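S.K.: Dumping what TrEMBL says about this protein:
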REGION    1-23  region 'Disordered'
DOMAIN    33-161  domain 'Casparian strip membrane protein'
TRANSMEM  40-59  transmembrane segment
TRANSMEM  71-96  transmembrane segment
TRANSMEM  108-134  transmembrane segment
TRANSMEM  154-175  transmembrane segment
Amino acid sequence: MSVSHATVHPVEDPPTTDGEDAPRVRMKDMEGMPGTRGGLALRFSQFMFAAAALVVMATTTDFPSVPAFCYLVAAAGLQSLWSLLLASIDIYALLVRRSLRNCRIVSLFTIGDGITSTLTFAAACSSAGITILIDNDLDSCRENHCVQFEIATAMAFISWFIALPSFFMNFWSLASR
């Protein structure tokens with residue numbers, strides 16, 4: 001069996017330095033990653049648009065009659081809660097100057113962002129389809145709250161669009177380990 005040994009291929013030891021002169025090599029956190037100001041701004045924006053979609057849709061009287069609109073309310077509620085939770089974690093990390101580069105934490109953020117953004121996108125798409133059905137095909141916007149439905153759907157799409165950078169940053173950070 002042909003195995004390489006240290007005596008065959010010697011490797012030099014890296015030079016040892018004192019503890020105070022040791023160079024520190026650490027990858028800088030990119031803005032938008034968890035625990036940064038950009039990440040906090042993304043989370044807060046996600047929360048605001050998801051909460052706006054939730055409030056606008058929930059203030060209409062006839063949203064419970066359409067399952068797609070109920071799904072939008074549920075998805076926007078979940079997105080707003082998730083974003084608010086992670087925004088509070090970002091605030092804590094910024095206050096105590098702690099990096100959130102732990103593999104388990106980043107995995108949890110990535111999975112949560114993936115699930116909530118997928119649910120929000122699916123809810124926004126189904127609500128957009130129903131809104132177009134009510135407005136264009138059935139031509140019954142006079143009896144319904146089409147403007148509120150369209151605003152809530154647009155807010156859900158914007159919330160999903162803002163959630164994408166958070167997901168991709170976390171996924172990229174996790175994949176680059």
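Cβ atoms are placed via backbone N, Cα and C, with glycine included.
TrEMBL: automatically predicted annotations, no manual curation.
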S.K.: With a Cβ cut-off under 8 Å, give me the same-chain residues at least six positions beyond the ends of the transmembrane segment (108-134) that come close to it.
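M.R.: Distal contacts: 34, 50, 57, 66, 68-69, 71-72, 74-76, 78-79, 82-83, 86, 100, 140-141, 144, 146, 149-150, 152-153, 156-157, 159-160, 163-164, 166-167, 170-171, 174.
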S.K.: Which residues of the chain, 6 or more past the ends of the transmembrane segment (40-59), have a CB below 8 A from one of its CBs?
M.R.: 32, 69, 72-73, 76-77, 79-80, 83-84, 86-87, 90-91, 94, 120, 127, 148-149, 151-153, 155-156, 158-159, 162-163, 165-166
